[in-house]
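Heads up, the thing below is written out as structure tokens.
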Amino acid sequence: MRASCTSLLLKLPLRFWPEGAITKVLEKSSLHPKPAGLVLQYGTAGFRTNAKQLDHIMFRMGLLATLRSRKTKATIGVMVTASHNPEEDNGVKLIDPMGEMLTATWEDFATQLANTEQKELLAALKDIINKEAINMKLEAEVFVGKDTRSSSASLSQAVLDGVHALGGQSKDYGLVTTPQLHYMVCCQNSHGQYGEATVEGYCSKLSQAFLALSKNASNRTDDQKHLFVDGANGIGAPKLREVESHLKKQLQISIFNDGSRGKLNHQCGADFVKVQQKPPTGVEISPGDRCCSFDGDADRIVYYYTDSRGFFHLLDGDKIATLISTFLKELLVQAGLDLKIAVVQTAYANGSSTRYLEDTMKVIVRCTKTGVKHLHHAAQEFDIGVYFEANGHGTVLFSKTAEEKVQLLAKSTNINDERKRAALLLQNTVNVINQTVGDAISDMLLIEAILAIKGMTVQQWDAIYSDLPNRQLKVTVSDRRVIETTDAERRAVSPAGLQEAIDGLVKKYKQARSFVRPSGTEDVVRVYAEADSQESADALAHEVSLAVHRLAGGVGLVQNAAARSHNPGSDLSPLASCLLQDPFKNFTFGF
């Protein structure tokens, strides 16, 4: 079979194959064999599963990145990480030329290549080369980075093996955060216009912009400059220390869960804090202390504090987006710049944040399907697009026109002091933001600068609006495909009668809304409900779950799901507690 595959590929025109490439691919692929029958899907998070199953995936993503580099005539990135997953997992993401996530068509190629059985690998490569008309004689360059997992070293070497097998050049950045590798790729392909493609260049650009912003904050005490950071025992902690060395004590950081003792993402990190609604293990804080948590690869961030009664307060992606967009809107008004700013949310954004942005701040709010790539694309439609998922993954995008207008105004000598100050603040805000992808370090510096400039405490930030109580559940069904949605996943179009049932249930409660959407990976339907009280939100979620179970082919019990309550210190309502104790109910709450 190997001989027949080689013969088949050799029939291609010479331009398709560098000298010796077929032999090298066959030799190297034998060192990274695919387990027979294993099937994995490339999604928004790339590939992600137990690290023991990923060696062949990494090799093949090295091959694919090399093909993508030749197709785009640009440098491509490959990041080895499983983000907020447990330490025994790992994963891989490909990064497109301007630091964005891999385009959808090539996600399909990634899945195809990953699942091709060993004997058909060359044929699968040929198929991609033909479909994309790739000239294999072109040069190819791939940047590779990895997180701190014990499996990352060998898996990143498998990526490099794939790059070299197809004659590509590589640069191994070693241990970097995911956002840093996105940044490097963008810098390289913008020929330095976005910045210098080194970790030092990243630290220098962000810290200089932060220091320039901080000059606009007066009379800050050391306590006001102090921030407690949970590094999730991941790559974010050592990389934050590198940035901190550039900050000239304008931000005094205490880093916990830095990887010296604890286990990656275990009872710590942004996902743990958001889901569990409590501070991470290993963080020693007092009431009122300003705290934040990164996730394992430092592309998510959430803030939090405990009050004098010991109640926990979470400031998630909704609160972050509101703070940043409010700041930018005020600066645009002061600068006299006519730029369209919008906040992009998903259906999971708390209704209170949406109402505050639309009714109080008069900011455009756009709702998209769940998934960072959908938010990112929607944000690109505006002069300034702010997007954050509730989990804390997000950033701000500035159009080329917006950046040019800000720069021209900042250089102008014919404007008053207020407009000049606002223009300079906007200019430095652009520079402190990593526009390629959500970046915990970059977002943290921007948030800290805004709080300092506005003289706000974390409690005052939290008080901008009060979140509506809400509940998330999931219902197991025989086939998730029976659920089809529209209106950015906020309304169900099938099965028949489900949306009508949801509408009727929502009318029973004050300030209520609810929606359902199918999981992308398992036969589960996710249910979200919010209302004016926790008891009402729990009851609505329960009733909608029963409707889904009845109309969408529910089976068994609902699996554990992330519960998200924003009532500080609240436990489950009496109704929820009752339901949890009843084994005959068709769902369970998760924490």
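Yeah, the Cβs are placed from backbone N, Cα and C, and that goes for glycine too.
What TrEMBL says about a protein is an automatic prediction, not a curated fact.
Since we're looking at a predicted model, the values are computed, not measured.
Taken from TrEMBL, the feature active site, phosphoserine intermediate covers Ser83. Per TrEMBL, the feature Mg(2+) binding site maps to Ser83, Asp295, Asp297, Asp299. If you look up TrEMBL, you'll see Glu389, Ala390, Asn391, Arg517, Pro518, Ser519, Gly520, Thr521, Arg526 marked as substrate binding site. Marked as domain 'Alpha-D-phosphohexomutase alpha/beta/alpha' by TrEMBL: 70-112, 137-185. For 224-302, 316-455, the entry in TrEMBL reads domain 'Phosphoacetylglucosamine mutase AMG1'. Taken from TrEMBL, the feature domain 'Alpha-D-phosphohexomutase C-terminal' applies to 493-545.
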Report task. Out of Ser83, Asn391, give me whichever of these recorded positions has the highest number of other Cβ atoms within 10 Å. Result -> Ser83
Query raised in the report: Where does the mean pLDDT land for the domain 'Phosphoacetylglucosamine mutase AMG1' (316-455)?
Result: 96
Query raised in the report: So how far apart do the substrate binders Glu389, Ala390, Asn391, Arg517, Pro518, Ser519, Gly520, Thr521, Arg526 get, largest Cα to Cα in Å?
Result: 20
Query raised in the report: Who are the chain neighbours of the domain 'Alpha-D-phosphohexomutase alpha/beta/alpha' (70-112) in space, where the CB to CB distance is under 8 Å and they lie at least 6 residues beyond its ends?
Result: 40-51, 54, 57-58, 61-62, 64, 124, 127-128, 132, 134-136, 138-147, 149-152, 155-156, 159, 178, 181-186, 188-190, 194, 232, 235, 263-266, 269-271, 295-297, 299-300, 372-373, 376, 435-437
Query raised in the report: What count of other C-beta atoms do you get within 10 angstroms of the C-beta of Gly520 (substrate binding site), across all chains shown?
Result: 13
Query raised in the report: If you measure from the Cα of Glu389 (substrate binding site), which of the recorded positions Ser83, Asp295, Asp297, Asp299 is the nearest?
Result: Asp299
Query raised in the report: Cα distance, Asp297 (Mg(2+) binding site) to Pro518 (substrate binding site), nearest Å?
Result: 27
Report task. Fill in the CA-CA distance, Asn391 (substrate binding site) to the residue listed as 'active site, phosphoserine intermediate', as an integer in Å. Result -> 13
